[in-house]
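Structure first, then comments.
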Amino acid sequence: VRKMRTEIFLVLVASISIAAASSIPAGGELPHDPLEHDSLHAKHFDGDKHNAQYDHEAFLGADEARKFDELTPEESKRRLGLIVDRIDEDKDGFLTLAELKNWIQYTQRRYIDEDVGRLWRQHNPENNETISWEAYRKTVYGFMDALDQSELEQEENGVSYMSMLARDRRRWAEADRDLDEKLTREEFTAFLHPEEHPTMRELVLKETTDDLDKDKDGKISVDEYIGDMYRPSGADEEEPEWVLSEREAFTKHRDLDGDGYLTEDEIRSWIAPKDFDHAESEAKHLIFEADVDHDQMLTKDEVLDKYDVFVGSQATDFGEALARHDEF
């Protein structure tokens with residue numbers, strides 16, 4: 001029973017993450033920069049270190065980036081070539097920024113659609129038009145009815161069952177646009193993926209602030225900002241270089257008024273910057289990585305020469321999409 005509760009706890013923590021696909025990294029709470037972390041919450045860049053998994057997931061979608069480990073480099077290149085053909089919408093032999101951006105947006109939508117579909121079927125096996133809060137609560141949190149108060153309030157990595165239930169309840173209420181205590185599939189999508197839904201942006205801001213603001217003073221200090229990403233194993237441990245870089249980023253780029261704290265507006269500028277297009281930014285990055293002749297377009301050969309950037313090798317995940325018989 002204890003093992004089952006632990007597994008449920010981890011699943012629930014994953015479900016409340018603002019990232020689309022979540023798991024708990026060992027030794028700490030979840031980082032909070034939805035634009036710059038992969039599904040395991042590893043940063044796209046740590047100082048000068050580049051996390052290729054971020055690119056693989058952006059290029060293919062988080063779920064599709066998990067089933068490529070068994071492919072040989074030769075097979076991965078073959079299948080990547082087929083994907084290049086699909087991305088090249090006008091079939092002129094070049095991948096433009098617009099075509100890459102369209103593909104990345106497609107993989108994002110596909111992941112969300114498939115994730116919502118799976119959970120919609122799980123919580124609504126009769127495929128009714130709506131799911132009620134009480135039905136969802138019983139399915140996800142019903143086990144809490146058998147726990148005593150100390151078990152409900154016991155924290156692990158700063159999170160308790162009670163706080164998770166309260167968080168989901170707030171998120172449900174925000175997604176419930178017609179206030180009927182039930183969610184349509186569209187509202188359920190906003191509940192599961194608030195970071196992707198315009199009406200949920202303020203909720204994402206509040207959840208991010210709540211998670212980082214350990215002393216609950218309504219603002220984020222540099223130590224709270226760093227503590228979300230790094231905890232020393234001992235009092236005398238010297239901070240790694242990337243942590244020093246993050247401290248500098250806090251001072252120069254996050255703390256806009258220079259008062260030593262992140263206010264609500266500064267947090268909003270950080271996690272939801274105006275006019276930032278994630279898909280376009282990632283498309284530009286991929287072109288930068290592979291564009292040998294600097295013509296701002298990619299040929300199939302350029303993509304295949306940098307296949308590790310796009311899909312990796314036996315040591316890197318790729319995706320369920322590559323195993324679908326109708327595509328390959």
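The backbone N, Cα and C atoms fix where each Cβ goes, glycine too.
The feature domain 'EF-hand' is assigned by TrEMBL to 75-110 (among others). The average pLDDT computed for the domain 'EF-hand' (75-110) is 92.
Feature annotation from TrEMBL assigns domain 'EF-hand' to 163-198 (among others).
According to TrEMBL, the feature domain 'EF-hand' maps to 200-235 (among others).
The domain 'EF-hand' feature in TrEMBL is assigned to 255-277 (among others).
TrEMBL lists 1-21 with the feature signal peptide.
When the domain 'EF-hand' (75-110) is classified with DSSP, helix, strand and coil residues number 27 helix, 1 strand, 8 coil.
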